[in-house]
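Engineer: Have a look at this one.
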Amino acid sequence: MFSVQKWKCSWSMVATVASIIVLVSVVHLFLFPVVPSLDYFSARQVQYKCVPINSSLEQSTDHVWENKPQGLNLDHRFPTDLHNGVVYRNAPWKAEIGRWLSGCDAIATEVNIVETLGGRRCKSDCSGQGVCNHELGQCRCFHGFSGEACSERLNLSCNYPGTPELPYGRWVVSICSAHCDTTRAMCFCGEGTKYPNRPVAEACGFQMNLPSEPEGAKLTDWAKADLDNIFTTNGSKPGWCNVDPAAAYDSKVLFKEECDCKYDGLWGRFCEVPVESVCINQCSGNGHCRGGFCQCYNGWYGTDCSIPSVVSPIGEWPKWLKPAHLDIPSNEVTGRLVNLNAAVEKKRPLIYVYDLPPEFNSLLLEGRHFKFECVNRIYDERNATLWTEQLYGSQMAMYESILASPHRTLNGEEADFFFVPVLDACIITRADDAPHLSLENHTGLRSSLTLEFYKKAYEHIIEKYPYWNRSAGKDHIWSFSWDEGACYAPKEIWNSMMLVHWGNTNSKHNHSTTAYWADNWDKIPSDRRGNHSCFDPAKDLVLPAWKRPDVASLSAKLWSRPRENRKTLFYFNGNLGPAYTSGRPEATYSMGIRQKLADEFGSTPNKEGKLGKQYAEDVVVTPLRSENYHEDIANSTFCAVLPGDGWSGRMEDSILQGCIPVVIQDGIFLPYENMLNYESFAVRIREDEIPNLIKILRNINETEIEFKLTNVQKIWQRFLYHDSILLEAERQQTGFGRVEDWAVEFLQQSDDDVFTTFLQVLHYKLHNDPWRLELAHLKKDYGLPPECLIRIK
């Protein structure tokens, strides 16, 4: 339906509306997208296969509390496996959860949602130094600019105040002896040099002292600039700012080896090739990525420029807003189009994503001093995707998937969940980047600095939006990607759902477990943090860490390697602590668990030349880096999942190579452990059982081993960010016409991934969390029969 209310319009307004009417009539109001040859929207989300269930769809008048749908006979329809798990879409879930998903998630239908596109304007169009949020009419300013109209230029120094002993101030990543770009606190060669935009990062601009020991590393003297060298035009001296790349590649001139190309958006040994920077969803094709901040085209806004306003071309709307029926209201006072309503059919759960001020996301990306920090990809000289090994890249992957999902909504009144996008992976990795980040105000504790960011985000949403008080924040979702997850969440947001990698319930390890002092949260006062645990399995969710798409492992199908080819009984490869060469020196590292394991079963001699007390040939516990790490795991039956400084990526390594995970960390939940039935595919060993570990594993019968291996082979894709990877594959094809090997390989995988699992968890929680009774008065259409809903008396 297309309805137009009474108008008071200018001729330009009449023309605008007429053009909309013509466009809409041509496409009969249904704006189906043209399907590309590589369509991420269809490839990335396999539609649930509906299972017909005989039940009445009439509204019930019997308002009683129900946790389980009545009349669906779920217990009989969906029996448990050998370990009381119920399989839904190839994964063994905890029985109650698996039954609800099988009986209800599978039959969910689309509901009609009215999305409102904003038309508010910003002062002075943000002076060309920001993006206008057309929902709020507020500017989101680029790095180095502030004010209502982004007209105030900031002075972000690269250096701390100098002293006679340290003329450039104490060390900080941004320390600069050359030209400081004070909009970003980044150091460059500057005017007067042949390459003024070439970075002079960290040690590049300072003198180097020779090592005091043979084969030792050079030491940087942060008190003495090395301007004579980096500014030299003499090819026989190690220069930088005037070094011609071609001459240097041909070894015709010298250059300073400590200088490199750390900043994003530049490629080549001499930063001579401009390339794509990394932005959220690469600005969705509706903007330009300027170092990490999306500079949106006219009419578009949002962190990834994915939100259209009333002036955005309708045919270019994102896929999660199509097809749509349009309803254009009028502003009776001015006759100006202030919003546009679009009715779209969507499946629940629906997620509203706050468009936070950029200090919580975009500015952290734009100002980062090392291109690999907190992102899951960078771009090479062809603008082809290079996936990173950053385990914390999962936070960006999840954020991008939510923003591009058909489960996203702009209608906060219809939303089931509210996602608050604070990128703590960027906060912590950037804590030492520049003086303006104010780590010094937190006595060097990155945990304390990060808590402050989350507290400010909370204060912003309760000031600008009405949704928090509806449930006291229980329907809000926050992401914490760092080593100890939500341990340092401010007390004000603890009611919310936390997405973490560290599921420490504090039932045993009731303190900060990291051996790195700057991340320790024990010293954060309770008036800021409260006394909450790090993880509450009743409301929170542990997600897998990011793992780089490995074409070799996927094409070799390591995850499917059969039992008879897995000759190693038990495998662990990683840091084993101070008893080994190059081991972490802290006794508290890994809470001592890795050290205890090595003491019993070490397969590599320690510093004293000793093997483990129970060394066995088919047991590998070694700190030596393997050249064929994934192959070694794929050749093993059981693989250790141990903590590091908080969580580690060993669970993901095990599952993705088809190895049965052996979890040794008491009171700490692993990915999905409060949702999936771990007994169906994993083994848990108490920390005090480590001396009996191998005996326990040898006593597991072959039937049980085959059962667990089979389940691991069914769930492995739930530990991959398949959705995010296909989004990037679509961008690469659309922007450059290329389909890389990793894209081809991932297009062949179709089982549920991390994001789909997350949506399934949300759907279950939407209808099974008791506190949802508080919102029953909202009277929403959930696209489910009443038997699947929580109802109240």
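Our numbering is plain: 1 for the first residue shown, then up by one each step along the chain.
A Cβ is built for glycine as well, from the same backbone N, Cα and C atoms used for every other residue.
Remember, TrEMBL labels are computer predictions, not curated facts.
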Engineer: Could you identify, going by TrEMBL, the member of CYS132, CYS141 that forms a disulphide bond with CYS150?
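Structural biologist: Its disulfide partner, as TrEMBL records it, is CYS141.
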Engineer: With reference to TrEMBL, specify which of the listed residues CYS122, CYS158 is paired with CYS132 by a disulfide.
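Structural biologist: Here TrEMBL pairs CYS132 in a disulfide with CYS122.
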Engineer: Apart from its near flanks, which chain residues at least 6 from the ends of the domain 'EGF-like' (118-151) lie with a Cβ under 8 angstroms of it?
Structural biologist: 182-184, 287, 290-291, 293-296, 299, 301-302, 305, 307, 309-311, 336-340, 355, 357-358, 362-363, 366-367, 410, 464
Engineer: Please work out the mean pLDDT for the residues of the domain 'EGF-like' (118-151).
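Structural biologist: Result for the domain 'EGF-like' (118-151): average pLDDT 96.
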Engineer: If you count Cβ atoms within 10 Å of the Cβ of CYS132 (disulfide bond), leaving out that atom itself, what do you get?
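Structural biologist: For CYS132 (disulfide bond), the 10 Å Cβ neighbour count is 26.
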Engineer: CB neighbours of CYS150 (disulfide bond) within 10 A?
Structural biologist: 24
Engineer: Tell me the Cβ contacts of CYS141 (disulfide bond) under 8 Å, same chain only and six or more apart in sequence, or just say none.
Structural biologist: CYS126, GLN129, GLY130, GLY147, CYS150, PRO358
